[in-house]
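First up is the structure itself, then whatever we jot down about it.
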Amino acid sequence: MLMGATRDMGSRCLLHASVPGMLLIWSILQMMNISASCPQCNENASCFNSTHCVCKEGFWTGSENRRIIEPHEKCQDINECLLKELVCKDVSYCRNKIGTYICSCVVKYPLFNWVAGIINIDHPDCYVNKSKNTGSKTHTLGVLSEFKSKEEVAKGATKLLRKVEHHILNENSDIPKKDENPLLDIVYETKRCKTMTLLEAGNNTMKVDCTSGFKEHNSGGETAVAFIAYKSLGNLLNGSFFSNEEGFQEVTLNSHIVSGAIRSEVKPVLSEPVLLTLQNIQPIDSRAEHLCVHWEGSEEGGSWSTKGCSHVYTNNSYTICKCFHLSSFAVLMALPHEEDGVLSALSVITYVGLSLSLLCLFLAAITFLLCRPIQNTSTTLHLQLSICLFLADLLFLTGINRTKPKVLCSIIAGMLHYLYLASFMWMFLEGLHLFLTVSNLKVANYSNSGRFKKRFMYPVGYGLPAFIVAVSAIAGHKNYGTHNHCWLSLHRGFIWSFLGPAAAIILINLVFYFLIIWILRSKLSSLNKEVSTLQDTKVMTFKAIVQLFVLGCSWGIGLFIFIEVGKTVRLIVAYLFTIINVLQGVLIFMVHCLLNRQVRMEYKKWFHRLRKEVESESTEVSHSTTHTKMGLSLNLENFCPTGNLHDPSDSILPSTEVAGVYLSTPRSHMGAEDVNSGTHAYWSRTISD
């Protein structure tokens with residue numbers, strides 16, 4: 001019963017609730033039926049009187065008819081500027097827009113009506129029918145600010161600057177003259193230029209030597225020169241239009257934009273610079289660098305450039321610049337990046353690590369050069385890599401911050417570019433040689449292969465980097481050296497002339513490394529177990545890992561700095577990348593010298609001989625000078641003597657090191673199988689000796 005009552009109550013509630021719902025649905029259906037009487041209209045058309053479609057205002061079907069009769073008809077834009085009936089006054093510039101049009105003119109200043117031909121100055125008095133409502137800004141800079149992109153602003157400003165200069169010089173017969181124009185928000189002065197002439201506009205001055213500066217354009221007479229100051233244009237053409245390839249933290253405009261122009265049919269070339277004294281807009285910052293720039297217009301728009309201009313002097317009130325051409329000028333105040341705690345710590349690690357690497361690279365190079373028993377193709381590669389890294393690190397420590405003069409900085413940047421590219425090229429040759437050696441362990445005539453490699457490794461190791469640097473210098477020599485460091489500029493991707501080859505070599509060496517590990521694993525597993533048990537597993541593993549860094553593969557860690565990772569991860573990667581790579585010289589000395597058994601024995605013999613010589617000197621102080629000289633002599637034979645390093649009674653086969661793996665067996669414990677294994681290993685000894 002209770003369930004039945006509940007069900008009955010629910011039904012009644014649903015019935016009562018459905019009454020207004022049904023009324024609402026019925027109303028909606030009625031509205032839909034009414035509107036359904038009008039067909040679906042095409043783009044730029046609307047339903048009229050619920051019966052047919054018509055084109056919106058500013059559109060027609062192409063037959064001077066707005067009503068759409070056939071379903072396939074489309075509404076097209078009306079070009080009001082081409083109609084027989086004039087819509088703009090004679091002095092106005094008519095511009096067609098989609099669905100409308102604009103009449104542009106300068107009402108209060110007819111002399112500057114040409115400005116309306118560059119930018120849209122929408123005013124009711126420009127229309128034949130004054131009732132047209134425009135609502136647009138009439139101020140020139142206000143119109144420029146309505147452009148959507150920087151490129152559009154730059155293009156409009158470039159046209160404006162050129163037109164203003166041309167109009168003031170060529171369409172203004174009243175010279176000399178000093179005037180202002182509120183529409184353009186400018187002040188200007190024109191003079192007849194024959195000798196040294198000083199012009200002033202808006203607390204800015206320009207000093208030009210017309211006698212020497214415009215000889216080719218004067219033709220013995222006077223010429224007109226103009227100096228224009230734009231009060232508000234700097235709000236648009238600000239520091240963001242400066243191509244900041246130098247990596248400044250902030251670049252701001254700190255003067256009015258000024259223009260210097262001469263009446264001439266051709267662009268004048270000045271033999272003497274023009275001196276510009278520009279008033280500072282804001283107080284100067286002691287950390288900032290002041291850049292004298294000019295506006296360099298182009299088809300893409302334009303930008304601020306320092307070409308042809310240099311900074312002379314700056315105080316709290318004004319800045320003096322000198323330029324060897326006439327254009328539009330300004331002063332930019334550029335703040336360098338402040339070195340935070342992380343960068344400071346990384347700098348300390350870099351300088352300490354590179355200093356230690358220099359010492360190790362020097363010792364390694366001396367070892368590879370003077371130790372005759374270990375000299376082969378491998379040590380030749382080690383020697384060239386050590387020399388390149390030593391010179392590159394030394395130049396980095398002493399010259400990376402020598403940004404003045406610019407020419408010296410560019411030379412240092414070019415030399416660093418070459419030396420580091422050469423270092424990477426020798427790393428590539430190291431990896432290639434190691435891979436070929438391991439791949440041909442069964443080749444008996446290995447020495448001929450080594451001589452063949454020497455024929456091309458010097459041209460590749462030194463010639464190919466020279467070619468890359470030469471092409472880069474020809475294509476963009478201005479990109480060598482920046483305001484902050486003597487290195488490659490980031491402008492237009494010039495840094496890829498180094499990063500491209502380096503990344504390719506890192507990838508190739510990484511492939512070589514894993515192939516070598518795979519080949520060695522299969523080779524070692526086939527050797528006699530007694531041979532393999534003689535190896536020091538810890539040293540072998542350590543040297544195999546270090547070999548990865550010696551080949552430059554660790555530089556690939558730097559890629560993680562540029563990808564989207566967490567701040568903590570990026571910080572860890574930055575420290576890891578810096579520590580590993582600045583210590584590359586230490587790792588080279590460690591793996592190829594200190595952990596090389598033969599080199600260690602040579603070091604011991606050398607120190608033993610040196611100690612004996614010192615002891616001999618102390619006991620023979622009273623001897624003759626001739627005997628003393630003989631005691632002090634330490635020739636190359638004594639440093640690394642050629643001969644057997646072991647006692648004949650306990651001789652072993654020459655030790656072999658393959659990517660950190662030593663293979664050697666005493667003769668007294670070798671069977672025929674062991675001899676084959678030892679001989680097999682003997683031919684692979686040059687891998688990392």
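Note: Cβ is positioned from N, Cα and C throughout, glycine not excepted.
Per Swiss-Prot, the feature domain 'EGF-like 1' maps to 38-76. Summarising the annotation, Swiss-Prot assigns domain 'GAIN-B' to 182-339. Per Swiss-Prot, N-linked glycosylation site is recorded for ASN33, ASN44, ASN49, ASN129, ASN203, ASN238, ASN315, ASN401, and the stated evidence type is sequence analysis. Feature annotation from Swiss-Prot assigns region 'GPS' to 292-339. The transmembrane segment annotation in Swiss-Prot covers 351-371, 380-400, 408-428, 456-476, 500-520, 545-565, 571-591 and rests on sequence analysis.
Here the features listed in Swiss-Prot are painted onto the structure.
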residue	record	Cβ contacts under 8 Å, 6 or more apart
ASN44	N-linked glycosylation site	CYS55, LYS56, PHE59, LYS74, CYS75, GLY99
ASN129	N-linked glycosylation site	VAL87
ASN203	N-linked glycosylation site	GLN279
ASN238	N-linked glycosylation site	THR252, LEU253
ASN315	N-linked glycosylation site	ILE284
ASN401	N-linked glycosylation site	HIS485, CYS486
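The transmembrane segment (571-591) and the transmembrane segment (456-476) are not in contact, since fewer than 3 Cβ pairs between them lie under 8 Å (pairs 6 or more apart in sequence). The recorded stretches the transmembrane segment (408-428) and the transmembrane segment (351-371) do not share 3+ CB pairs below 8 A when only pairs 6 or more apart in sequence are counted, and are therefore not in contact. Remote same-chain residues near the transmembrane segment (500-520) are listed as 420-421, 424-425, 427-428, 430-432, 434-435, 438-439, 465, 468, 544, 547-548, 551-553, 555-556, 658-659, 661 (criterion: CB distance under 8 Å, separation of at least six residues from the stretch ends). When the region 'GPS' (292-339) is classified with DSSP, helix, strand and coil residues number 0 helix, 32 strand, 16 coil.
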